[in-house]
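These notes concern the structure reproduced below.
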Amino acid sequence: MIASTLLVLGALAMLSLVIWSFAWRWHWPGILPESWSWRFWSRPGAGWGQAFVTTFTLAVTTTMLSLALAIAWLEGEDRARMARARWAEALIYLPLLVPQIAFLYGLNLLFLRAGISGGMGAVIWAQALFVFPYVMIALSDPWRALDPRLTQAAASLGAGPWRRLIAVKLPVLLAPILTAAAIGMAVSVAQYLPALFMGAGRISTLTTEAVTLSSSSDRRVTGVYATLQAMLPMLGYLLAFLLPAIAHRNRRALQGGSRI
């Protein structure tokens, strides 16, 4: 009941943002706007277009980097037959426990001394510190729960470590991998301070612009940025739901059974 209520409230909030982005005149106490306009959507070059491209680029790059690191970490554990290194995982999750503004302040000083602050590379690096832990949290349990008999059967047929990874593990774990990627993308889109600090105010994302516009009096422009900001994570979750269903349409157990 609580989950359904929260879902309905979130959907209504999202709907209100979309309506505001298309509204032209909306006087109280009208339920809907008196007139509509595409004006704020029809001019991507005026601001939101570049912010959208930057946000999308950061989200995809950071998520792919974090996903590759997580898969390399977990596959390394399997190949080395090592037990779960909890102390190392604690270091991974440390950026989530330390206050972000204090952590990023020190990181920004380090980047400034190294001369790498103020660019996309610095923002990607900083965002990955927060995206990678969430990707690890989402992927580690499904990866470790994979039935070892699958890889053992592949090994008995002569498949090497790389073949077992590409032909067995990744296809079977497609749903959890895409779910972890969707979570990582949502986390990347929501990052405000990493883009602000590491970008030195020169990297504009949908989140930084939405926060700036939230104090303005024009809710229509704010609605455009907030709608786009919510659309990217929704697209990621939609792909995470649809792609396994399409790829494994003849294998019902793999369509979502491994999903976290």
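Keep in mind that glycine also has a Cβ here, set from the backbone N, Cα and C atoms.
No curator has checked TrEMBL annotations; they are predicted automatically.
For 52-243, the entry in TrEMBL reads domain 'ABC transmembrane type-1'. What TrEMBL lists as transmembrane segment is 49-74, 86-107, 119-139, 172-193, 223-243.
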*asked:* Using Cβ atoms and a strict cutoff of less than 8 Å, what residues sit near the transmembrane segment (172-193) while being 6 or more residues removed from its termini?
replied: 55, 58-60, 62-64, 66-67, 70-71, 100-101, 104, 126-127, 130-132, 134-135, 138-139, 142-143, 146, 150, 205-208, 211, 229, 232-233, 236-237, 239-240, 243-244, 247-248, 254-260
*asked:* Checking distant contacts: for the transmembrane segment (119-139), what same-chain residues at least six beyond its ends satisfy Cβ-Cβ under 8 A?
replied: 54, 57-58, 61-63, 65-67, 69-71, 73-74, 89, 92-93, 95-96, 100, 104, 107, 111, 173, 176-177, 179-181, 183-184, 187-188, 191, 194-195, 197-199, 203, 260
